[in-house]
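According to TrEMBL, the active site annotation covers B:ASP126. TrEMBL lists B:LEU75, B:CYS76, B:HIS77, B:MET111, B:GLU112 with the feature substrate binding site. Summarising the annotation, TrEMBL assigns domain 'Molybdopterin cofactor biosynthesis C (MoaC)' to B:15-148.
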6 protein chains.
Amino acid sequence: MSKLTHIDGDGAAHMVDVSAKDDTIREARAEGVIHMAAEVLETIKANAMKKGDVLATARIAGIMAAKKTSELIPLCHPLALSKVAVEFEFLDDGIRVEAMARLTGKTGVEMEALTAASTALLTVYDMSKAMQKDMVISDIRLLSKSGGKSGDWTAE
Amino acid sequence: MSKLTHIDGDGAAHMVDVSAKDDTIREARAEGVIHMAAEVLETIKANAMKKGDVLATARIAGIMAAKKTSELIPLCHPLALSKVAVEFEFLDDGIRVEAMARLTGKTGVEMEALTAASTALLTVYDMSKAMQKDMVISDIRLLSKSGGKSGDWTAE
Amino acid sequence: MSKLTHIDGDGAAHMVDVSAKDDTIREARAEGVIHMAAEVLETIKANAMKKGDVLATARIAGIMAAKKTSELIPLCHPLALSKVAVEFEFLDDGIRVEAMARLTGKTGVEMEALTAASTALLTVYDMSKAMQKDMVISDIRLLSKSGGKSGDWTAE
Amino acid sequence: MSKLTHIDGDGAAHMVDVSAKDDTIREARAEGVIHMAAEVLETIKANAMKKGDVLATARIAGIMAAKKTSELIPLCHPLALSKVAVEFEFLDDGIRVEAMARLTGKTGVEMEALTAASTALLTVYDMSKAMQKDMVISDIRLLSKSGGKSGDWTAE
Amino acid sequence: MSKLTHIDGDGAAHMVDVSAKDDTIREARAEGVIHMAAEVLETIKANAMKKGDVLATARIAGIMAAKKTSELIPLCHPLALSKVAVEFEFLDDGIRVEAMARLTGKTGVEMEALTAASTALLTVYDMSKAMQKDMVISDIRLLSKSGGKSGDWTAE
Amino acid sequence: MSKLTHIDGDGAAHMVDVSAKDDTIREARAEGVIHMAAEVLETIKANAMKKGDVLATARIAGIMAAKKTSELIPLCHPLALSKVAVEFEFLDDGIRVEAMARLTGKTGVEMEALTAASTALLTVYDMSKAMQKDMVISDIRLLSKSGGKSGDWTAE
């Protein structure tokens with residue numbers, strides 16, 4: 001678009017061109033943790049939270065959020081995800097979530113995995129907040145990515 | 001719905017009834033942090049990230065995500081938010097985001113503030129991940145809530 | 001809009017004006033059934049379906065669909081639902097779903113209850129279709145409505 | 001994700017992996033019926049319903065709902081549909097809808113066809129409910145599917 | 001949020017606070033025009049366009065887009081619209097659309113009326129573009145607004 | 001679907017079949033203008049509008065709207081866009097927006113470019129309307145398209 005005055009200069013947001021990239025199988029895994037009081041954790045383990053089954057609901061929320069990633073993150077490409085999974089692990093003081101996303105396509109799925117993990121954790125918060133308001137969500141990070149030209153990557 | 005066999009028992013997820021609650025002005029504030037390398041932080045400060053203006057984009061993403069909260073968090077009520085704002089603060093090793101949501105309505109807006117903060121941080125990650133993949137999002141938590149029958153609350 | 005030629009005459013679709021209606025508590029209940037082979041029903045009861053927990057997933061799908069009703073049904077008003085619930089009952093040859101929606105507002109929530117029931121049933125189909133393709137969804141109907149000027153109504 | 005404790009065991013919902021499947025032309029057809037009083041049917045035939053043109057609106061609603069299937073059905077994959085069509089047939093006591101969906105992709109489009117049919121019928125209900133509340137939606141079922149490894153299938 | 005460094009200063013986007021505004025009946029009307037070749041206009045008038053009924057489809061698109069306004073325009077408040085209508089008028093060289101939106105609420109509905117008009121015109125373009133690519137959409141503007149503290153306004 | 005009575009005849013809306021089309025790189029550019037008073041234009045240039053940074057917000061809105069095109073325009077196919085960009089140019093009496101969309105796929109992206117341009121202009125209106133209500137959006141049109149069987153096209 002050379003005939004335009006680029007008002008905002010190089011700082012202008014745009015969705016990066018991936019049309020020339022290859023369709024390869026790409027996968028990403030991400031994790032995050034929600035820290036909570038022992039009493040809250042026990043209530044979730046006993047599936048006794050008043051609002052309903054916390055982990056089943058958070059899992060569905062995470063999977064559906066992965067599919068909404070390009071609606072949430074402005075410069076993400078819309079993707080035809082081929083698989084999404086969300087798993088939980090009980091820690092001493094909270095719950096760890098791990099999400100994975102897979103795609104045969106032209107761009108990576110890191111944001112889909114991170115969005116799934118983040119939304120699953122927010123859903124745990126929502127369903128438990130009547131018991132504890134000061135739960136903290138932390139350590140949301142990418143665990144690994146594979147596929148694509150830039151090669152594989154695994155967090156240390 | 002007494003005539004139904006409640007197959008899943010008390011653990012069944014449901015959206016809590018708020019129809020008898022009063023319409024009051026309710027407000028919530030939430031925060032979160034993304035930790036990153038000094039080089040990434042400097043690039044954001046200089047508004048020199050290749051994908052575009054990181055903070056302006058993340059702010060819009062946060063505001064728009066607050067409006068999508070009830071689509072993301074399964075048991076959240078749809079709300080007619082009256083105000084949303086997202087602000088950023090540079091830390092030594094990252095960026096802190098603070099989000100607030102306000103409503104005249106029957107239920108609190110904690111999840112809207114938390115979703116705004118979380119999505120703004122994910123957007124910062126998305127726009128910067130070409131430089132650093134192991135950024136970590138942490139300390140997403142509620143700062144305060146006011147309005148409604150349960151009274152005001154402020155994090156310690 | 002008297003100055004317009006009304007091209008399509010009285011047949012033109014439009015969203016009915018409800019601005020003069022009172023804000024009252026309105027509620028609707030709807031039901032529907034999915035018929036299936038005994039083997040499929042037993043697999044759901046045993047929570048052994050390969051795709052995961054059928055009823056927990058269908059319940060969340062129904063609740064979230066109720067919130068999407070005005071996006072799906074063109075002339076439905078956007079509503080701030082105050083409660084949604086979805087319950088299941090095992091029949092000899094299938095599963096009955098019952099959905100209810102409640103609102104303090106200006107228009108009824110029949111479509112929200114029907115959309116919740118319908119989407120919950122479609123989700124049961126989706127999660128079980130690897131076992132049986134010719135399941136049939138039937139008897140989706142309104143059970144009752146209350147609130148508003150037109151008064152209460154209960155199906156015979 | 002072998003290092004995780006699979007809290008919910010085999011019953012945990014997940015989106016099935018289709019990344020290794022071939023891109024083939026896949027098609028599905030589905031149908032359903034709404035039963036109504038003669039007077040309501042005549043009003044629709046005469047295009048004299050107060051809310052507007054019932055069948056034109058229901059057709060658009062069905063087509064748009066097919067595109068929303070992966071937002072409604074939690075474990076459905078997002079798909080780039082290549083064709084959707086919705087047709088109506090007048091019965092003695094109601095209206096039959098038939099929907100078809102087509103895709104060049106890695107997974108079937110049964111849910112898209114079923115969602116289109118179901119939403120078109122709900123829209124007929126919505127636009128006619130001022131005349132009759134006890135209309136019943138029935139016999140929503142898959143008529144046929146073709147394409148993919150599992151081969152073609154036609155309802156008896 | 002006084003304790004934050006306001007990084008972007010006064011230029012930072014935010015959703016304006018309307019929580020203290022009164023709930024009044026608010027209405028807005030907007031219009032726009034699409035200019036086209038005589039042959040295209042005649043095909044629309046004859047309802048003979050290959051893709052289907054242009055005006056019925058554009059009307060539904062406009063109504064549904066009004067309900068999506070707060071998802072499209074970043075700083076718009078989510079609103080519980082009480083009425084939306086879209087009408088068409090044949091001009092010598094095109095079609096004029098007029099849209100109106102009504103609400104009992106705390107903020108105006110100008111953007112809802114403008115979004116409905118704009119989307120209806122884009123839909124006319126989409127359904128007719130196989131015949132003519134250089135149609136032009138023009139004169140999208142607010143016609144009037146009423147309700148709220150700032151009083152009524154009518155375009156000259 | 002030959003066994004159906006085609007109630008609405010040839011006028012029935014349907015999504016055109018593109019399943020047999022080739023996957024090629026397709027691109028479209030579109031433009032539009034918003035006319036405004038000198039005072040409003042100066043305020044935008046100075047980035048001094050009360051609601052925030054007008055052009056950064058309008059750019060994000062345009063990019064995100066391109067991704068929503070198939071939700072807005074009833075017969076548009078859902079597309080996995082590979083690039084979207086939105087640029088602005090200051091005119092003497094307003095702002096011109098130019099949008100481009102790119103895709104490797106089976107159908108053109110004209111509507112995506114037009115929807116991006118249109119939504120960016122509506123966002124400029126929204127953020128400036130407190131200063132001037134009678135701004136006019138005009139000259140929304142396709143500039144060029146390339147790729148696909150029908151060949152390239154450029155506006156005169």
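Note that Cβ sites are derived from N, Cα and C of the backbone, with glycine treated the same way.
On the 0 to 100 pLDDT scale, the domain 'Molybdopterin cofactor biosynthesis C (MoaC)' (B:15-148) averages 96 in the predicted structure. Put simply, B:CYS76 (substrate binding site) is 26 Å from B:ASP126 (active site) when counted between their Cα atoms. Across the domain 'Molybdopterin cofactor biosynthesis C (MoaC)' (B:15-148), DSSP helix (H, G, I), strand (E, B) and coil residues number 45 helix, 45 strand, 44 coil. The most crowded of the recorded positions listed here (B:GLU112, B:ASP126) is B:GLU112, judged by how many other CB atoms sit within 10 Å of its own CB. Chain C comes within the C-beta cut-off of under 8 angstroms for none of the recorded positions B:MET111, B:GLU112, B:ASP126. The Cβ neighbour count for B:MET111 (substrate binding site), using a 10 Å radius and every protein chain shown, is 28. Counting Cβ atoms from all protein chains shown, B:LEU75 (substrate binding site) has 21 others lying within 10 Å of its own Cβ. Residues B:LEU75, B:CYS76, B:HIS77, B:MET111, B:GLU112 are listed as the substrate binders, and the farthest two of them sit 13 Å apart at their Cα atoms. For B:HIS77 (substrate binding site), the same-chain residues 6+ apart in sequence whose C-beta sits under 8 angstroms from its C-beta are B:MET15, B:VAL18, B:SER70, B:LYS106, B:THR107. Just so you know, the Cβ of B:CYS76 (substrate binding site) picks up 24 other Cβ atoms within 10 Å once every protein chain is counted.
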